[in-house]
Amino acid sequence: MILLISDLHLQEERPDISRAFLDLLDGRARHAKALYILGDFFEAWIGDDAMTPFQQSICQAMRRLSDSGTAIYLMHGNRDFLIGQAFCDAAGCTLLSDPSVIELGGEQVLLMHGDTLCTRDLGYMKMRRLLRNPLSLWILRHLPLSSRYKLARKLRSESRTQTRMKSTEIVDVTPEEVPKVMAAHGVRTLVHGHTHRPAIHKLMVDGQPARRIVLGDWDRRGWALQVDEQGFQLAPFEFS
């Protein structure tokens, strides 16, 4: 069994989500061969050198799962792209490139966070290119902690404001971009998060039937994609 999740947006202000994640680690994930986390794992991450006690507790829980034999793979999201190798080493997880193609359920599957599919959101795409530039990443990681905290708060506030102002079409994936990206990677299944619109979409790629599986965000309930001998099963679950 393989589990895939995304968009938990873990933060101290939402202990219900944190407890649900810890329950997953102590429960279903213990029986999984691997757990994939496809971005926006944390609501914000300003650097491995600034881990709070809350973030350290999450890191330690992940390490316990990793030590038990479940492989953990973590992909950057737009909220936590400053997660680095130090955190991954401590948590016992592997940092996964976005995009990545893996074998899943007997086929090649493309994994993405999903933000790069939203090409109609021109303002966001411009900001993403700026922030993900290697020079920008170096500067961000070397800013004083106080400056990083202020910048993180500013970016989160602006993101919420912009999301409310933009149409749903702009902040969703661009329909034409999906088959183009899937064809470029030679896959018929794509799994991503980011949009907070869980669903399984059918489409055609190079004249062949394909599917796009969108993981759900964790808010009032959690979401997970389970891949086993029964196939690909996307389903929500209630927080205990």
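Backbone N, Cα and C define each Cβ position, glycine as well.
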Listed co-binder of Mn(2+) 1 (same site as D7, H9, D40, source Swiss-Prot) among H192, H196: H196
Co-listed Mn(2+) 2-binding residue [Swiss-Prot; alongside D40, N78, H113] among H185, H194: H194
H113 (Mn(2+) 2 binding site) versus D40 (Mn(2+) 1 binding site) - Cα distance in angstrom: 8
Neighbourhood of N78 (Mn(2+) 2 binding site), C-beta criterion under 8 angstroms, separation at least six: G39, D40, H113, D115, R128, H194
In three-state DSSP terms, the structure that S159 (substrate binding site) belongs to: helix
Long-range Cβ environment of S159 (substrate binding site), under 8 Å and at least 6 residues apart: none
Packing count at H194 (Mn(2+) 2 binding site) (other Cβ atoms within 10 Å of its Cβ): 26
